[in-house]
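A.B. asks: Dropping the structure in here first, questions after.
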Amino acid sequence: MIRKAIARVVERQDLSEAEMIEVMDQVMSGGATPAQIASFITALRMKGETVDEITGAARVMRDRALPIRVGKSVLGIDRDDINLDRETILDTCGTGGSGTNSFNISTTVAFIVSACGVKVAKHGNRAVSSSCGSADVLEALGVNLDVTPDVVERSIAQIGIGFLFAPALHGAMKHAIGPRREIGIRTIFNILGPLTNPAGADCQVLGVYREDLVEKLAQVLKKLGCRSGFVVHGCDGMDEITLTGESTVAEITADGVKLYKVTPEQFGLERAPLAELHGGDALGNAVIVRDILSGKDGAKRRIVLLNAGYALVATGKAKDVAEGIRLAAETIDSGAAMKQLERLVALTNEAE
């Protein structure tokens, strides 16, 4: 199938969702050669990935992931397996790759939102092109990444937050590692991670590195069963809602997807230059995260509050972003968000 798919994609013909599922099954089962994988994902990138193609690839990756069971259900290809009355599960995983050298905003947000009573299954990885991925900063904060799936499940159930370390849960991705590394360009695999949460997160705030991906990935999430959420991109390239200017937002609701622009001023927040939002290496970013969770003021706190506000709206904990920002600020200042970090560190290290 992959040889036929390469020939079609080279001619700029789109694949159906079913065809993409067949191709990705071949890739992730080890049935495609490295040359075929590299050719296919390069041709797909040059053509431009469609909503159906991304959806099909995400379904296969979800189906082959090691599941993290939260409650009684896990998100997979078959939507009938899902208990729609279960507790909301949030993921704040983004694509990364923004090149803006920002600190770990979505990881900081995860602790705040979980302290507000939302179950958070934070999916993430080590840095690929940046200085510090979510796994890197969590490790620097003292979180033990080398834990079994049952420890992650217990973490989410008992304290309301767990970290889903992508390499440990997506073993089938090993077949694409070599081709991806050797061609050295962004491909469909750079956007699949946030679409394939092994705990079946049904609520997401997903930051993307390109504006043209905002509405597209929102449509994909909708097809995959996301009940509510936001896909976002800052005008400065940040894969977050930024403080430097406008951000593009695609809102996912029961009625569909709505695209619009927002600015910090809409929520009473002062703009900040990108330099004030910069991070560093894992140890430096760990200091930033602790400072924010300890109540330190400044631009870094404001951008975390803004993004947390959207996450709290997505999960139904706030009726609008302004209320979400207020709730996030109160949660930090009460010490509850820092307590979540301390509890995650303790639980994951007790498991050793």
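Even glycines carry a Cβ here, placed using N, Cα and C.
Quick paste of what Swiss-Prot says about this protein:
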BINDING   Gly94, Asn125  anthranilate 1 binding site
BINDING   Gly94, 97-98, Ser102, 104-107, 122-130, Ser134  5-phospho-alpha-D-ribose 1-diphosphate binding site
BINDING   Ser106, Glu240  Mg(2+) 1 binding site
BINDING   Arg180  anthranilate 2 binding site
BINDING   Asp239, Glu240  Mg(2+) 2 binding site
A.B. asks: Radius 10 Å, atoms counted are CB only; among the binding-site residues His123, Arg126, Arg180, which position scores highest?
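C.D. replies: Checking each of His123, Arg126, Arg180, the winner is His123.
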A.B. asks: Identify, in sequence order, the residues in the chain of Ser106 (5-phospho-alpha-D-ribose 1-diphosphate binding site) that are 6 or more apart from it along the sequence and have a CB within less than 8 Å of its CB; answer 'none' if there are none.
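C.D. replies: Residues satisfying the criterion: Thr92, Cys93, Gly94, Ser134, Val205, Gly207, Glu240, Asn307.
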A.B. asks: Whole-number answer please: how many Å between the C-alpha atoms of Ser102 (5-phospho-alpha-D-ribose 1-diphosphate binding site) and Asp239 (Mg(2+) 2 binding site)?
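C.D. replies: Distance between the two Cα atoms comes out at 9 Å.
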A.B. asks: Among Ser102, Asn125, the binding-site residues in question, whose Cβ has the most other Cβ atoms within 10 Å in this structure?
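C.D. replies: The residue with the densest Cβ neighbourhood is Ser102.
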A.B. asks: Around Glu240 (Mg(2+) 1 binding site), how many other CB atoms lie within 10 A of its CB?
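C.D. replies: Other Cβ atoms found within 10 Å: 27.
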A.B. asks: Rounded to a whole number, how many Å is the Cα of Asp239 (Mg(2+) 2 binding site) away from the Cα of Asn125 (anthranilate 1 binding site)?
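C.D. replies: For Asp239 (Mg(2+) 2 binding site) versus Asn125 (anthranilate 1 binding site), the Cα atoms are 15 Å apart.
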A.B. asks: Near Asp239 (Mg(2+) 2 binding site), how many other Cβ atoms are within 10 Å of its Cβ?
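C.D. replies: Counting Cβ neighbours of Asp239 (Mg(2+) 2 binding site) within 10 Å gives 26.
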A.B. asks: If you draw a 10 Å sphere around the Cβ of Gly94 (anthranilate 1 binding site), how many other Cβ atoms fall inside it, taking every protein chain shown into account?
C.D. replies: 29
A.B. asks: Which secondary structure state does DSSP assign to Arg126 (5-phospho-alpha-D-ribose 1-diphosphate binding site), in the simple three-class scheme?
C.D. replies: coil
A.B. asks: Round to a whole number and give the Cα-to-Cα distance in Å for the pair His123 (5-phospho-alpha-D-ribose 1-diphosphate binding site) and Arg180 (anthranilate 2 binding site).
C.D. replies: 20
